[in-house]
Amino acid sequence: MGKITLRNVQKRFGEAVVIPSLDLDIEDGEFVVFVGPSGCGKSTLLRLIAGLEDVSDGQIMIDGRDATEMPPAKRGLAMVFQSYALYPHMTVKKNIAFPLRMAKMEPQEIERRVSNAAKILNLTNYLDRRPGQLSGGQRQRVAIGRAIVREPAAFLFDEPLSNLDAALRVNMRLEITELHQSLETTMIYVTHDQVEAMTMADKIVVLNAGRIEQVGSPLTLYRNPANLFVAGFIGSPKMNLIEGPEAAKHGATTIGIRPEHIDLSREAGAWEGEVGVSEHLGSDTFLHVHVAGMPTLTVRTGGEFGVHHGDRVWLTPQADKIHRFGADGKAL
């Protein structure tokens, strides 16, 4: 079991209020991602759940037990940090087994758990190597293996892919997702990368200044952002946000339209503009178009659409894809 409940959780460092008041339910077996900009409180929230930071007020429940004052070792959670934190003088096998040896577990049970974790993570052939002989991705798998052998109620990941290059990050995203599908254990994952959040999560928690802006599935947040912050944060490239007379036509203070929901033409359309920068990615091209009275608009089109700097184009937003926001920033 790995159900985690937070009720009116607050965190203060002296006079600084990092998390004002927060309520959240994480169901057993869910893959939940905390995402937000730097300083939004996502890592602090994870550390509160882990017990590495004390709660200033409120309650944390793990599987129906009040864990607010419970020491980290008693919570039944396993954490994987951004840095691998492996012992360089120990073999992979000894690194994975370390928490079990510290718990004075029977040698036969340690062997069983280490062997099982190594199979899951494709580390069986590397058990006798030391961390210095491994790639970055393999080292991160060893760190995950050290968490798996504890057979926790939930896994806590604190930006575990930040130290890896782009190709390894893609591979590890897939491996962690497959691991979740295999173990069916609750996972809470912290990242500032909304691509990781969108591709891995069952449920995303968008945080801003210690407050939850929105909770939902990746597609729910993408299709129905609750406010301007979520609209501008979720999606890459980010949503185009337009104020002024064009927004007023739609009865809103601000309207939003995603780059792929703007139709592009060389002949006619709602808005005439001039192509500034073109980003050619092969399958897609992102055009940054200057339209009078608006911010520069980003348009996503096919990779074969040939336009150049200075070309005149016409843009038409798809009417059913326009998002409307009021003066308070909330979706209408």
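Glycine is no exception: its Cβ is also placed from the backbone N, Cα and C atoms.
Residues or ranges marked as domain 'ABC transporter' in Swiss-Prot: 4-234.
As annotated by Swiss-Prot, ATP binding site applies to Gly36, Pro37, Ser38, Gly39, Cys40, Gly41, Lys42, Ser43. Long-range Cβ contacts of Pro37 (ATP binding site) within its own chain (separation 6+, distance under 8 Å): His192, Asn208, Phe233.
All chains included, 14 other C-beta atoms sit within 10 angstroms of the C-beta of Gly39 (ATP binding site). In sequence order, Asp158, Glu159, Val190 constitute the residues six or more apart from Ser43 (ATP binding site) in its chain with CB-CB distances below 8 Å. Of the binding-site residues Gly36, Gly41, Gly36 has the largest number of other Cβ atoms within 10 Å of its own Cβ.
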